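Colleague: Quick one: this structure, given as C-alpha cells, is what I'll be asking you about.
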Amino acid sequence: MDSEFLFFMQMLLSGLSMGSIYALVALGFVLIYKATSILNLAQGEFLMVGAYICLSITLDFGLNFFASFMLTMVFSVILGLAVERLVLRPLIGEPIISVIMVTLGLTYILRGVVIMIWGNDIRQFNIFPEQPVDFWGVKLTYLYLYSLGISLVLLTVFAIFFKYARTGIFMRAVADHQTAAQSMGISVRGVFAMSWCISAVVSSIGGILVGNIAGVGVDLSYIGLKVLPAVILGGLDSILGAIIGGLIVGILEFLSAGYLDPYIPAINEVFPFIVLVLVLMIKPYGLFGTEEIERV
C-alpha cells in the first residue's frame, strides 16, 4: 500500500483509540451536567485518582490487575458518593457558579492529596502488551487496541443501561424534567448521587487506560481539560454528542500531530480547541446540544 495512506490510517486508528477514551470520560461530564446542571471541573482529577489507586494496588500491594480494577471501581463509587453527599448536596439551591467554583477547588484538593501520597514522579503502569500488531502495514500496539475495545464495550453497555435499565430510565427522566420525575416518585437526590458515582467510575477507567499508554502522573488530570472540547463540541446535554465529540477530538489530535506538528510544534494540543471555537461560531449549543429559546 501507499506509504502516505498507511500513515494516514495509522494516525486515524490511533486517534480513534484515544478518542474512545475521551468519549468515556466525556460521558461522565455529560451525566453530571444533565442531572444537576453542574459542570464538574474536577473530572480530570477523578481520572487521575482512579489511575493512581489502581496502580498502587497492583504494584505496591501485589494484587492481580482484575482485583485491582474491581477495588478501584469500588473506591470510585465511594469517592463520587462522598463528593455528592458531603461537598455538593449542602450547596443545593445556591447559584450554579458557586457550585462550579467548589468543583474547581476540589481539583486542587485532590491534586494536593495525590502529590502528598505518591509524589510528582511519573510511574509506568504496563498492564497490556506493548508490542505492535500489523494490520496490512498499519501498526498499532496492543495498548491502543485494548483501550479501543474496552472503551467501545463500556460505551455500548452504558447506552443499553440508559435505554432499558430501570435506573437508567430514571436518570433520563430526571435529566429531562426534575419536577415531573419527582412527582412520579423518582428520587431526584438518589439520581444525583448515581450520576456522580457513574461519572467517577468512567473517569477512573479512562485514567487506567490512559495511564497504561502515557504513564501515571499528576499531569494525567490534564485529560479532563482536553475532554472539555469533546463535551462542548458534542453538546453539554447530549450523551451521543459526548461520544461523537470524544472520537472527533481524538482523531483531530492525532491527525494534527502527524501532519501539522512538523511545521507548528505542539499544534495537536490546541487544534481541538481551535476546531471547537469554529464549530461554536456556527452551532453555539454544539453539534447535538439542545437549543434553548428564551422569550424576551
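Using the three backbone atoms N, Cα and C, a Cβ is placed for every residue, glycine included.
According to TrEMBL, the protein has these features:
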- 6-31: transmembrane segment (TRANSMEM)
- 38-59: transmembrane segment (TRANSMEM)
- 65-83: transmembrane segment (TRANSMEM)
- 95-118: transmembrane segment (TRANSMEM)
- 143-162: transmembrane segment (TRANSMEM)
- 191-215: transmembrane segment (TRANSMEM)
- 227-251: transmembrane segment (TRANSMEM)
- 263-282: transmembrane segment (TRANSMEM)
Colleague: Counting only residues 6 or more past its boundaries, what in the same chain has a CB within less than 8 Å of a CB in the transmembrane segment (143-162)?
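Modeller: Tertiary neighbours of the transmembrane segment (143-162) are 13-14, 16-18, 20-21, 23-24, 27, 128-130, 133, 168-169, 171-172, 198, 202, 205-206, 209, 212-213, 239, 243.
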Colleague: Counting Cβ pairs under 8 Å to the transmembrane segment (95-118), which of 6-31, 38-59, 65-83, 227-251, 263-282 comes out on top?
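Modeller: Stretch with maximum Cβ contacts: 38-59.
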Colleague: Are the transmembrane segment (263-282) and the transmembrane segment (38-59) close enough that 3 or more Cβ pairs fall under 8 Å, when only pairs 6 or more apart in sequence count?
Modeller: no
Colleague: As a test: from 65-83, 191-215, 227-251, pick the stretch that has the greatest number of Cβ pairs under 8 Å with the transmembrane segment (6-31).
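Modeller: Highest pair count goes to 227-251.
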